[in-house]
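> Reproduced below are the annotations present in Swiss-Prot:
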TRANSMEM  1-19  transmembrane segment
TOPO_DOM  20-33  topological domain 'Cytoplasmic'
TRANSMEM  34-54  transmembrane segment
TOPO_DOM  55-71  topological domain 'Extracellular'
DISULFID  70-150  disulfide bond
TRANSMEM  72-93  transmembrane segment
TOPO_DOM  94-113  topological domain 'Cytoplasmic'
TRANSMEM  114-136  transmembrane segment
TOPO_DOM  137-158  topological domain 'Extracellular'
TRANSMEM  159-183  transmembrane segment
TOPO_DOM  184-361  topological domain 'Cytoplasmic'
REGION    192-329  region 'Disordered'
MOD_RES   206  phosphoserine
COMPBIAS  228-244  compositional bias 'Basic and acidic residues'
COMPBIAS  258-267  compositional bias 'Polar residues'
COMPBIAS  278-287  compositional bias 'Polar residues'
COMPBIAS  308-327  compositional bias 'Polar residues'
TRANSMEM  362-384  transmembrane segment
TOPO_DOM  385-392  topological domain 'Extracellular'
DISULFID  387-390  disulfide bond
TRANSMEM  393-416  transmembrane segment
MOTIF     410-414  motif 'Important for signaling'
TOPO_DOM  417-440  topological domain 'Cytoplasmic'
MOD_RES   420  phosphothreonine
MOD_RES   424  phosphothreonine
MOD_RES   439  phosphothreonine
């Protein structure tokens, strides 16, 4: 009883820590971790209800709460357990598409999509198990489970038992193993490619999320940007059709983000001109200001690192500032040359970020824990369909408890494989709430 109670308590605390960590730490609020949040919800329910009711059943030696509570407990237990498996499948597929479709999948990979997938996992698990467990006695016309016992009635049918074991465990495990093999292979291939590929052969423009910043010097006579300041973005070497305008005031920077590489340019004290470079077809319209006293030109290109779990690459920051003692024509030429130079400059590729390794490592740990803890019970289920007396009750109990222990192990997997989870857990346990939302 003491061991079972301790396991239940550790499971509850561990999974509450996971859920609270994701809630309070913005660096953990990623699509992948939302799937882990759903998994933690399932594990928490197992720790609160399933473990304690099963302990009661095994310690007393019979089921004391009647057939209705028995069926409700079994339905909850199997729905939640199946939801855990479905969440693991979702996590594996999500990682697989991140690695194999890095350009198209991240666009679709939104919080809304994650919520829909999580909801589908729970609804499907409920449909698969709850009606069959609760209403099987009415389908066959009789309840065959004896008083004082609690088990799923249709498990007495060997064919049904075999089919549910295949669908609930063996098939998902095969799918997840194959997916992880592809994930590992694709990740290694990318690492080798990044090491072998010389910088000169890399694309001149990086397909990352780039943030253009426009800074305008203070001038008391300066009109609003709506009157006389125009900004154009250069995207992938070509000017877009519509100009992008932003308000620039003292001490303020306006930011604009786009999924393609972009350069925002501002030039003051210049006449409208278009400068074209044939090699990369880079063109920009340099803005016009009514104020003749302003003599500073500033171009800044910055990359913005999105909050994600390594489905999107990141780059560096480049800043170019023009001098203030030149006439308009000279400024125009300087601005145009620097824009062209920056758009032609090869992007330096970095090795896959540590966050990507964290995610892959976490998934591997979760899958291994799931397979190791769930395999004994599901092997016994298959044996039981052919030879019921072959498995003693004690072995059944151990196998069943191993499935529950998986819910205890999962939070430890997150902490061991992800330093951010580990640090956030530590802050929560030690009541260090200051700056916990920014813990990395």
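Note: Cβ is positioned from N, Cα and C throughout, glycine not excepted.
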> For the transmembrane segment (1-19) and the transmembrane segment (114-136), check the count of CB pairs under 8 Å (sequence separation 6 or more) and say whether it reaches 3 or more.
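Contact criterion not met.
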> Looking only at DSSP and grouping its letters into three states, which state does residue 424 (phosphothreonine) belong to?
helix
> List the recorded positions among 70, 150, 387, 390, 439 whose C-alpha is within 10 Å of the C-alpha of residue 424 (phosphothreonine), in sequence order, or say none.
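Checking each Cα against residue 424 (phosphothreonine), the hits are 439.
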> Express the distance between the Cα positions of residue 70 (disulfide bond) and residue 387 (disulfide bond) as a whole number of Å.
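Residue 70 (disulfide bond) to residue 387 (disulfide bond), Cα-Cα distance: 25 Å.
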> Is the transmembrane segment (362-384) in contact with the transmembrane segment (114-136), using at least 3 Cβ pairs under 8 Å (sequence separation of 6 or more) as the test?
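These two segments do not touch.
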> Between residue 420 (phosphothreonine) and residue 390 (disulfide bond), how many Å separate their Cα atoms?
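Given the Cα positions, residue 420 (phosphothreonine) is 46 Å from residue 390 (disulfide bond).
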> With Cβ-Cβ distances below 8 Å as the criterion, list the same-chain residues six or more beyond the ends of the topological domain 'Extracellular' (137-158) that contact it, or say none.
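Distal contacts: 57, 62-64, 67, 70, 73-74, 78, 164, 385-386.
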